[in-house]
Amino acid sequence: MKIATWNVNSVRARSPRVISFLERTKVDVLGMQEIKCKPEQFPYADFEAIGYKVIAHGLNQWNGVAFAYRAELEPQDLELSFSAQPSFKDVVEARAIGATFNGVRIWSLYVPHGRGLDDPHMEYKLEFLDRLASDTAEQLEENPDLELCLMGDFNIAPLDSDVYDLSLFETHISEPERQAFEAFEQIGLTDTVRDLVPNQYTYWDYKDLCFPKNNGMRIDFCLTSEALTERVVGASIERDERKGEGPSDHVPVVLELSD
DNA sequence: ATGGTAGTCGAACTA
């Protein structure tokens, strides 16, 4: 089984590229972030034409998360938010979608950006991560054998080597953000991709020729529970997806699991 | 010297 995460930065603008990625890699489940549309605006037909089904969760032109999965799979226990997911300006935004595929519990997550160290959005970001970790810890306590993957755009660079120039950033690298990320490791999750694919960014800003200069960041992750980590047999960061016409500013992160 | 990217929506906001 192959699973992947990708911040597509508008699925309507990116549909041809997402489709060719699915055809090329044949991933079973793709968790998307920043679909930037409501479910009724999602380009379902493109996905159905190549044998995939879609579950989309979007409230407006911002944020939005979704799953595309091979049509023969039957997702179970769908959730459009995690337990006690915080709201921003009284709205629980479309930043999380969870479902179980072939017994593997998968969450596609778009963690709030933060905007600035003293911005209310940063408090929102930290609370989002804190509650996500608490909810996940609770599930793992109930069922230590749970095969779980939290995948998505975490908007955090956990290590200094995850940023091309530390001096240019305040958010994404701050101590509170990094502690919030480490909390997931403390409850037993592992960033499995890091060992298999070291020294590879997942995001390059559109501005200032960042991609040609390899001025990027590693902020997209697949965090696996102990039971699922045992099944990881391969991983890739699809750097080539940043090339060519009309790329997203993020590339897919792929995890291969044994059967 | 300025604006320098991309998306949504149709001015300004988000990243």
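Going from the start of the chain as shown, residues are counted 1 onward.
Cβ atoms are placed via backbone N, Cα and C, with glycine included.
Quick look at what TrEMBL annotates:
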ACT_SITE  A:Tyr110  active site
ACT_SITE  A:Asp153  active site, proton donor/acceptor
ACT_SITE  A:His250  active site, proton acceptor
BINDING   A:Asn7, A:Glu34, A:Asp153, A:Asn155, A:Asp249, A:His250  Mg(2+) binding site
DOMAIN    A:4-250  domain 'Endonuclease/exonuclease/phosphatase'
SITE      A:Asn155  site 'Transition state stabilizer'
SITE      A:Asp220  site 'Important for catalytic activity'
SITE      A:His250  site 'Interaction with DNA substrate'
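Report note: the Mg(2+) site is defined by A:Asn7, A:Glu34, A:Asp153, A:Asn155, A:Asp249, A:His250, and the residues of the same chain whose CB lies within 8 Å of the CB centroid of those residues, excluding them, are A:Asn9, A:Gln33, A:Tyr110, A:Tyr203, A:Ile219, A:Asp220, A:Ser248.
For the recorded positions listed here (A:Asp153, A:Asp220), the lowest count of other CB atoms within 10 A around the CB belongs to A:Asp220. Recorded residues A:Glu34 (Mg(2+) binding site) and A:His250 (active site, proton acceptor) have their alpha carbons 11 Å apart, per Cα-Cα distance. Comparing A:Asp153 (active site, proton donor/acceptor) with A:Asp220 (site 'Important for catalytic activity'), their Cα atoms are 4 Å apart once rounded. Counting in whole angstrom, A:Tyr110 (active site) lies 9 from A:Asp220 (site 'Important for catalytic activity') by their C-alpha atoms. Confidence over the domain 'Endonuclease/exonuclease/phosphatase' (A:4-250), given as mean pLDDT on the 0 to 100 scale, stands at 97. For the pair A:Asp220 (site 'Important for catalytic activity') and A:Asn7 (Mg(2+) binding site), the C-alpha distance works out to 8 angstrom.
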